[in-house]
Structure formats: structure tokens, C-alpha cells
């Protein structure tokens, strides 16, 4: 048979259709160039269960009832038992609708995630809350210092503080009175360092921090705010 | 805010410790926390099904019934639970909203019932979650549309009875649009239909070859040329009728511009124009060709049938609404035709004596193949041609099959909508009747009560008093209080409630101004109007008799009633014994006491027995009434049994 020109094309077309039909019927799997992404459907159904109530009671300063209430709320929102950063940001952003709280939420997340595994379990959550709400003033100041110390190296640099400050000011949003100026965070950082940095070495250590805070009446008084949040 | 937000608020507040050292001003004091009783479990009892939940759960939404202090109104101190006499199945969804923050819409419940529950519990419909929102909105819109259609239909349904002062134009237009409204319109409708059919058939028959008599046998010619005069006359008659109809419609149309632009009028014009053009154009060779073409347009007369057939209209409307699908179909077909025609042309180019002389010539082959007609007048001979030809036919089936379901479903939807509208219109009468029944039921109950007024009081009067009492006493507490209220209103305004007929009669009686003698008036009245009127006449006649008997202008049946009770007379629908027309309601009244049939009740509602003491008064009060009164007692027994029954039913 002498195939020429269009006839060749016709035959090729027929062959291609044939292959396709076989593929459809699953009789003929061509070599796939890339692995089909079916892993999407295997959801990571990680379900984390916290330790028992008694252990948590020992570890934290909450009463049994308080722990129960806290856990019920936690479980309601996060049925899988852990919060990852995205969820955390989303939850926190609901409280500050005007501004952008995502950066601060990240810092907060890192502060709660004490073992740095990328997720906050109920134990982490409750441990952090216990420090803030039931701890001594020193504990609370410690926690705050830990929050500011982004790289956890024991001292707060101006850049770290600036990041924190900017994230806090971001939460305010655009519509403020008086209007936010660009330099406001920086000025705030300057005044902070002026107050806290005793030896003027450009960083604030934990001792300087606690010392300076203890000397400040306002701060000490405001610490009492958190005594009956729960 | 979502439910979860409330639970995370303490956390957010706690996290504010991070701002403390940075604060340049002292932070405000925390709001006073009322001594929390700790979390407790509330029991909500909804029609017997108990739901238990934490108090905090309900407190999440303080602006709803369950979240606010409003629920205290439903608190039952004895059982220590909140009792709601509502649907427990719906409450499940409401409570889940508190728990999860998302309100889901139940799929098998009526959307209106769901809305009512939401309204009761203080939830706004906007709270319906995203997953259910679309369906909720769709169903609600469907419902609203249906209700709107109903209302429109109700209002329009009153339309057929046009105000008396409508002009000839309006009447004519209405006759054209709704042929069922009057006999003349119906006749006109059928006549035009007939003539359309005649015209179309004549057009068709014109072209059939007629077998002529022997001398013309060699050549068969169409009937149109054998009998030109006959066909011409028929054509003229039809065109005259159509022209007349068109002009009448034009005259009657409320908005002539709109009518002129409408499709039906265009079809009318196109149907009759060829005739007139044919008349005007002189018969010379040049234009006869064009004239013949014009005759083609006569076939458009068949579209005039769409006024007569609803199905045709639906089809037309469907095609119009599926215009985009049809357009897509055409476009894709055109694309495919061009592609395949090109391919076939080049495939068959080499063959000798091939039919595929050019691409446009191949169009015909492609169309015939794609629509699977396959005439066989053009057939590929090369292998390539055959392969592509087969691909062409396969793809043709697919391309055509794709838009068809869309068109079909559109047609089906519109058709069902129409059917539903028809069904609703048919049921409308029953619905309206039911509503009117309910309304009149309560009025009649009151009027009836006023007539028996004394009976309830004087229970021990007669020997048959017990039977009467049995039948009469069935007024519920609600009715008694309602009637008392109506009575108070009557006393306040010094006016009394009556019904329509009485009222119109009163108007008529006042205009008559008759103060004829009792006996003559009484004897003549029932018979005269009674024979003319329908079964309602006994009541009318009685009323008239009462009114004329009373010399006071303000007819107070109540006062008559009192007179009766004082006289100790029974109510006597006396005309029932006279007029044969009344025999039927009489019988039905008899039956009704036994059967208590709702259907029977409807029949006899218009004839509540009124009192006509006058009937018995001119005749001997005691004796004359006795003969009649035995039968009348039956009926009197019947009707009071009847009415409370019907009232009960109508108050459902």
C-alpha cells in the first residue's frame, strides 16, 4: 500500500485516537513524566491529644475547672488538637479587623510554640496562659522578654524591637487619630531603649529589662490587669 | 463574630501582656468581671425533647433569644428548664448554630417554616452558613416568586370582571386576549381559527395536480390553475377576515405602537400583504416571478395559530430563550463543516471524476454526513477520504447532541412553569373559596349566635330544649369571648353586625320605602322574589319580610330575636315549605345534622336560617306555626348543629 500525503496523516490520526481510547479504558498506561499528585488527598489527620488533666494541673497553675473550660474552647476551634501558624494568624486577626495583625501573630505564635515544632498544642497553649495569667510579675516579664527576643539569643536588639514595634503599629490599621506617621515605631523604639538600656550598649538583656520594668510604676500596676482574664 | 472568637478572647487578652512593657501610657483598668458562676449546663426543653448545653455556648450570641435575658420568659421554675413550644427538629439547627457558629439549612424542611423558627429565636437569615446559603437563597426566591405569582393571579383573577365603565375599546381588547370571557369572543376566536385553517389548506390544495376531464388529460395541472376563481374567492374571503381582525385589534390595542411592533401583528401583516400586493401589481411578466415569491409568504398564516395554541407559544418562547445555545450550536457546526469540508476536498482531490469539485461543494457532503443523513450523492473514494468521512460523521453526532439537552431542559422548565401556573389558577378558585369560607364562618357564627341568643339562655324552656341545647351549646370558650367582644362593639357603636345580603336588601328596602300591610307584604314577598332567585332566596325573603314588618328604619334582627324569644316562637324558615327551590337546602340541612359532612356544610352555608316570626304571625301564631314548626324544628335543629361544625372547621 502506498500511503501518501494526506493518507499518512489520516492513518496517524486514527492511531492517535486508538491510543487515547485504550488509555481511557485503562488498558494502556503511558509512561507518566511526573508523579501524579495524589498525595493531596491523604490528609494529615494528625490528632493530638493532650496529657491528662492531672498532669496539666501540676504543670500549670489553673484549676481543674478552668482547664476544662479552656480545653473545650480550644477543641471546639481546633478539633485536631493543634494550632498551626495559619490558623493562629486567622484566629488572632479576628480581634483586630482594622489592621494587619499577621506579623504580631507570628511573633506570638513563636512565643507560645516553646518547642519550636511549628504547631501549638494544648499543653503549649495552656502553659503560656498559665505564665501570663497566673504567674508572678517576674514570670510575666520573662515571657514578654521572650516574646521580644525574636531569635531567642538572650538579648533584644534594636532591629528586633523595631520589628515588634512595627507589627504592633500595623495592628492599628490606617485609620487612627492622630494619624500614624512613618517614624512613630522608630521613635517608640528609641524611647524604649532609652528607658531600658542601662549600659547603653545597644541591646537590652533580660536583667536590664526586668530591672527597668520593676522600677516603672505604670508597668507594675498594669500587670494586675491580667489576673482575672479567665 | 464566630463562636470560636469568644472562646479565644481570653487568650488574646492574655497575649496583651506583650504590650505592657512598651506602653507609654498606663493601660486602662480591666472591665469588672461579674462573679462567674462557673459553667453550668442548661436544659432547654423543646416540645418534650430536651437539649442540654453549656450556658457559655448560649451566651456567645447575646443578641438572640437564647443568648439574652429573653429566655428567662420561658423559664419554668418547677422543672428548672427552659420550655419552648416549637418544633424540636428545627431547634436542632438553631442550637448547632450556637455550638459551631454556622447555621445550616435543613434540606427536607419547608423554607418558610425554617424562616419562622429563625425569626422566633432571633437569628437573622444572613447567618446561614456558606455551605447552605446558595440553596437557602434559591428556595426562598422560588417561594417568593410563587407567592408573588399567586398574588398577581389573585388580583388579576378579579380582572375578568371589568369595571362597568370600561370603554368599548377595553372590552374589545379583553375579548381578544381572553376569548373565554364572553360568548362573542369565543365565537370570533373559533371563526378566525377556522379561516386560518381553511386558508392554509387552500394554499396546499392549490398545488395538487387535478385530474382534469378527458380533453385535458395529456397535461395535469394543479388545481389552482383549474379553478382559479374559486381559489381566488376563498383567498379573498380569508384575507378580508384577517384584515378585519387586524384592524379591530389595532383599534382595540391599549398601546398601538407596542402592538404594531409585536410579533403577532407582524405575522398578521405578512400574512395579508401578499394578497394586496398581488392585487396592486399589474400582471406582466417581469414581476410575476416576484409575485409568485410573495405567495410563499402566505404560508406564514399558519403562525397565526399560535394565538390559539399555548404549546406553540411555549415553543416559540423556548427557542427565544435558548437563543444562545442555538447560536453556539450553529457556530460549532459551521466550524466543523468548514474543517471537514476542507479536509475532504483535499483528500479527494486526486481522484478522477470526483464529486468534490470545490470546498463549498464539499460543504453539502459534510452537512449530510454530520447530520447522519447520508444521501449518498457524494461519496469519498480514497482511503483517506473514507477515514476522514467516518470521523466526520462521528463528530457530527456529538456536536449536535451537545446543545440539545440544554434546549430540551429549557423547554421542559418553561412548560412545567406553565403547567404549574395553570394548576395554580385552577386551584385558586378553591383556595379563594376556602379563604372566604373562613372569613364568613366567623361572621356567620356570630350572627347565628345572635339568632339563637336566647336559646342558650332559655335552655329548659321546651321539652326538646335538650336536643336544641345539645346542638347549640358547642361554642368554644374562644368563640364565646369573641362574640362577647363583638357584642361590646355593637353596643358601643349602637350598630349591629349583619351580612351582605341583609345589608343590600336594607338598601333596596329603604329605596322602596315600603310600608305595606303586613299580610300582603309577607305573602307576596317570599313568592315573588323567591321564585326568581336561587336557593338563597328564603333568607332574602325572610329578611325583607322582617324589615317591612318592623316600622323602625334601623333593622335590628337582634331586637326581633328578643321579640321572638319573648313570644316563645321558634325560628321558622317558612318559605321552605312554599318554594320548591328551598327543598334542596332543607334536605341538606336535615342530612347535615347526622352526617356532619364538610362538603355539605359548604352547600348550606349560604342559608343560615333566619327568623321570620312574621311568617307565623299573620297566620295564627300558635297553630299555624305548629304544623310547620315540626318540620321547622328539624331544620332548626339541623342548622345550628351545622354552623358550629362548619365554624370549627373554618377556624382551623
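First residue shown is number 1, and so on along the chain.
For all residues, glycine too, the Cβ spot is worked out from N, Cα and C.
Among the features that TrEMBL reports, compositional bias 'Low complexity' is placed at B:514-524.
Feature annotation from TrEMBL assigns domain 'BTB' to B:40-139.
Under the heading region 'Disordered', TrEMBL lists B:143-165 (among others).
Annotation source TrEMBL lists region 'Disordered' at B:514-535 (among others).
Residues or ranges marked as region 'Disordered' by TrEMBL: B:605-652 (among others).
What TrEMBL records for B:1-16 is signal peptide.
The transmembrane segment annotation in TrEMBL covers B:260-281 (among others). For the transmembrane segment (B:260-281), same-chain residues at least 6 beyond its ends with a Cβ under 8 Å from one of its own Cβ atoms are 235-236, 239, 242-243, 245-246, 249-250, 287, 290-291, 294-295, 297-298, 300-301, 303-304, 306-307.
Sequence-distant neighbours of the transmembrane segment (B:326-347) (same chain, 6+ residues past either end, Cβ-Cβ under 8 Å): 319, 356, 358-363, 365-367, 369-370, 380, 382, 384-385, 388-389, 391-392, 395-396, 399-400, 402-404, 407. Annotated transmembrane segment per TrEMBL: B:326-347 (among others), in sequence order.
The transmembrane segment annotation in TrEMBL covers B:359-375 (among others).
Only residues 6 or more beyond the boundaries of the transmembrane segment (B:387-408), in the same chain, are considered here, and those with a CB under 8 A from a CB of the stretch are 318-319, 322, 325-326, 328-329, 332-333, 336, 340, 343-344, 347, 365-366, 369-372, 374, 380. The transmembrane segment feature in TrEMBL is assigned to B:387-408 (among others).
Cβ atoms under 8 Å from those of the transmembrane segment (B:359-375) belong to residues 333, 336-338, 340-342, 344-345, 348, 389, 392-393, 395-397, 399-400 of the same chain, restricted to positions at least 6 beyond its ends.
DSSP labels the residues of the domain 'BTB' (B:40-139) in these numbers: 48 helix, 20 strand, 32 coil. On the 0 to 100 pLDDT scale, the domain 'BTB' (B:40-139) averages 88 in this prediction.
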